[in-house]
Amino acid sequence: MEPERNICVIGSLNVDLVATATKIPVKGETILASSFAIRYGGKGANQAVACSRLGIQTNLVAKIGDDDYGRQAMEKLAEYSVNTSTVIKEELESTGLALIVVEEETGENVITVVSGANARLSSEDVLRHEEAIVSCSICLLQLEIPLDTVKKTIEIAKRNQIKVILNPAPFQLLNDEILYGIDILVPNVLELEILLGLHIPDSTWYSNDDSETAVIFGLVDRLQRKFQNLALVITLGKRGCIVCPHMENKHLNAFLIEPYISTHHTVDTTGAGDCFCGALAVGLMEYGNLLEAARFANIAAGISVTRQGTQESYPSREQVEYLLKDNQVARIQKLNHIKE
């Protein structure tokens, strides 16, 4: 079957309860928030909205509870033109919730997730909606749903030669079966640390002669040699991302893609990583090149953090493409210390 021009997202759907405060509380501390809002999220739903707002038909396979939160979330997804015919209602279960505190000045946040119905999205549910996977161009996954469900989705996708992007968040240990099955892994630095089993100093990514850099990329090199179909896109937050495409001639290549820095201040980073992942999938479909896709995603995520909210902060296709025309925005640089 020839895949259609769409993206299938399999993942979580949450309602976000967001408090904004002058600081993020430490353990045992009570603070007063300056505002409160109910927003709609979950890594799966967020990534689906990001794809849809960027102009690509997007199907979401997810699970909600039989409650008002779930009904409201479905209405919101419909506003963003996400296909929700594959979202399943779980009786006697609550819709997933995320409790978020956002720091006013920096936009940084802390998040606690109550999985609810997300924990009930099963392999059998995925099999019921297998058609949504086998008819897509790209399958996008995260880890707020059971790992067995992720494995079954990868199995279906690879059997049908569908490209798989995995955002390993929140991080769980990934076995060889999963890593062999995915095409692009999109960890942040903390997730990469766990994956590689070492601490990565913040300065490491920007030093062309740091011996620690050689150690880290040596481990990335080993990872890609073992899983030969695996490309990595390592997100660095406000510093952009590192892209390690599929190996060519058995040599590791790595590129730094600069962040898009807006003249507007960062106000809310909630969901920026999900915006990046959705935009990466869209960019890959549009340009067929991982570096250009990551540049597209950097710009989309850079726009999102200048706006309050999560899904409502995600940009349109036109907004991203306008900035793409400027070759000085989110430039791609080859990392010279990676030896060929």
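Heads up, residue numbers simply count up from 1 along the chain you see.
Just so it is clear, glycine is given a Cβ too, placed from its N, Cα and C backbone atoms.
What TrEMBL annotates here:
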ACT_SITE  ASP274  active site, proton acceptor
BINDING   ASN14, VAL15, ASP16, GLY42, LYS43, GLY44, ALA45, ASN46, GLU144, ASP274  substrate binding site
BINDING   ASN188, THR235, LEU236, GLY237, LYS238, ARG239, GLY240, GLY273, ASP274, ASN298  ATP binding site
BINDING   ASP268, THR270, SER304, ARG307, GLY309, SER313  K(+) binding site
DOMAIN    6-316  domain 'Carbohydrate kinase PfkB'
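Sequence features, as recorded in TrEMBL, placed on the structure.
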residue : record                       : contacts (Cβ under 8 Å, 6+ apart)
ASN14   : substrate binding site       : TYR40, GLY41, GLY42, ALA45, ALA73, THR95, GLY96, LEU97, ALA98, VAL113, GLY116, ASN118, GLU144
ASP16   : substrate binding site       : ILE38, ARG39, TYR40, GLY41, LEU97, ALA98, ILE100, THR270, THR310
ASN188  : ATP binding site             : ALA169, ILE234, THR235, LEU236, GLY237, GLY273
LYS238  : ATP binding site             : PRO259, ILE261, THR266
GLY240  : ATP binding site             : LEU256, ILE257, GLU258, PRO259, ASN298, ALA330
ASP268  : K(+) binding site            : VAL102, GLY107, ASN109, VAL305, ARG307, GLN308, GLY309, THR310, SER313
ASP274  : active site, proton acceptor : GLY41, LYS43, ASN46, GLN47, ALA50, GLN142, ASN167, THR310
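For the binding-site residues THR270, SER304, SER313, the largest tally of other C-beta atoms within 10 A is found at SER304. Between the farthest pair of Cα atoms in the substrate binding residues (ASN14, VAL15, ASP16, GLY42, LYS43, GLY44, ALA45, ASN46, GLU144, ASP274), the distance is 15 Å. LEU236 (ATP binding site) counts 17 other C-beta atoms within 10 Å of its own C-beta, drawing on all protein chains shown.
Of all Cβ atoms in the shown protein chains, 25 besides its own fall within 10 Å of the Cβ of GLU144 (substrate binding site). Mean pLDDT, taken over the domain 'Carbohydrate kinase PfkB' (6-316), works out to 91 on the 0 to 100 scale. Counted over every protein chain shown, other Cβ atoms within 10 Å are most numerous around LYS43 among the binding-site residues LYS43, ARG307.
Largest Cα to Cα distance within the recorded ATP binders ASN188, THR235, LEU236, GLY237, LYS238, ARG239, GLY240, GLY273, ASP274, ASN298: about 16 Å as a whole number. The least crowded of the binding-site residues ALA45, GLY309, judged by other CB atoms within 10 A of its own CB, is GLY309. Sequence-ordered, the extra residues of this chain that approach the K(+) site, with Cβ no more than 8 Å from the Cβ center of ASP268, THR270, SER304, ARG307, GLY309, SER313, are VAL267, THR269, GLY271, ALA272, VAL305, THR306, GLN308, THR310, GLU312, TYR314.
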